[in-house]
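Notes for the one structure printed next.
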Amino acid sequence: MKIIIHGGFFSESDQSHEVKTAKQNSLKEIAEKAFQYLQTHSAFDTVAYAVSLLEDDPLYNAGIGSQIQSDGVIRMSAAIMNGETQKLSGVINIQNVKNPVFVAKDLIDEDDRVLGGNGAKKYATEHGFENFSTEIPQRRKEYEAKLNNGGKGTVGCVAIDKNGKLAVATSTGGKGFEIPGRISDSATVAGNYANEFCAVSCTGVGEDIVSNATAAKIVTRVTDGMSLETAFGKTFAELKAIDGFAGAIGIDRNGNVYHQDSYPTMVFASFDGEFFEVFS
Ligand code: ASP
């Protein structure tokens, strides 16, 4: 059993020592809680749980604390993928729900598994998700000051459970100040992908992640026999060639855990019950 989580990147405006320490402590705490949960739950249930804890923490740009788009509205996206069944479900540009990842999870048993905008919100309401504003005053202040801190606080989790099953979930408030209607990478196979061999979650500039097909490429390479580390290395070399800004976390079916970023400021933590690795 192993778990790795990310909380996006440090952006220029939150490089302070306090924010860094707060993120280190919060990631460590969430990784530990999620690992406890993994003792008695599947990887699939655990990644949703871990991402919901990250969504609930206003330090990150997902759920509570999400970025505001150019028209003053928050629209969030999230996806989950079960490596065993190879099913992905997700919501794109959903408004006013506390935990987009749980709406994504509820969709896994539907025939129509990725919903956008009003349809996603309608589905959430019909499935008992209350109206909830995820706006925090700091984001409104940044928005009003036309301060785009560049998003880069997407959250994600990859887990392998005691049966060797893999799963991944990813959730984002987007880049901030985006044109309404923009679709981020998080609820696509470029940002969030898993099968029985490997699972990967990405953060960074969604357009770069999609252009490079990042998560799907890493997983496919591992499926075809490449080691996790080599698959990350090759995929990030390709990302670098297009000057892409991204980071990713992954686990393979042998329990190898890996992370890489094209700008070394990704915020992450991993835990295997004994050993913590936290970004520094
Ligand atoms: N990938 C997200 C997006 O482009 C942003 C992020 O990772 O912070 O919407």
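These residue numbers are counts, starting from 1, taken along the chain as shown.
Glycine too: its Cβ is placed from the backbone N, Cα and C atoms.
Features as listed in TrEMBL:
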| type | residues | note |
| --- | --- | --- |
| ACT_SITE | Thr154 | active site, nucleophile |
| BINDING | Arg182, Ile183, Ser184, Asp185, Thr203, Gly204, Val205, Gly206 | substrate binding site |
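Sequence features annotated in TrEMBL and their locations in the structure.
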| residue | record | DSSP class |
| --- | --- | --- |
| Thr154 | active site, nucleophile | coil |
| Arg182 | substrate binding site | coil |
| Thr203 | substrate binding site | strand |
#### Entry: Ser184 (substrate binding site), number of other Cβ atoms within 10 Å
27
### Task
For Thr154 (active site, nucleophile), write down the residues of its own chain that are at least 6 apart in sequence and whose Cβ falls under 8 Å from its Cβ; none is a fine answer.
His6, Gly7, Gly8, Tyr60, Asn61, Ala62, Thr170, Ser171, Thr172, Gly173, Ser184, Ser186, Cys202, Thr203, Gly204
### Message
Measuring Cβ to any atom of ligand 1 with a strict under-6 Å cutoff, which of the binding-site residues Arg182, Ile183, Ser184, Asp185, Gly206 qualify?
### Response
Ser184, Asp185, Gly206
### Task
Provide the number of Cβ atoms within 10 Å of the Cβ of Asp185 (substrate binding site), excluding the reference atom itself.
29
### Summary
Smallest number of other CB atoms within 10 Å: among the binding-site residues Arg182, Thr203, Gly204, Gly206, that is Arg182
### Message
Return the residues near Ile183 (substrate binding site) by Cβ distance under 8 Å, restricted to its own chain and a separation of at least 6 in sequence.
### Response
Ser77, Ile92, Asn93, Gly116, Gly206
### Distance in Å spanning the most remote Cα pair of Arg182, Ile183, Ser184, Asp185, Thr203, Gly204, Val205, Gly206, given for substrate
16
#### Entry: Neighbourhood of Val205 (substrate binding site) by C-beta distance under 8 A, where only residues 6 or more apart in the same chain count
Lys175, Gly244, Phe245, Ala246
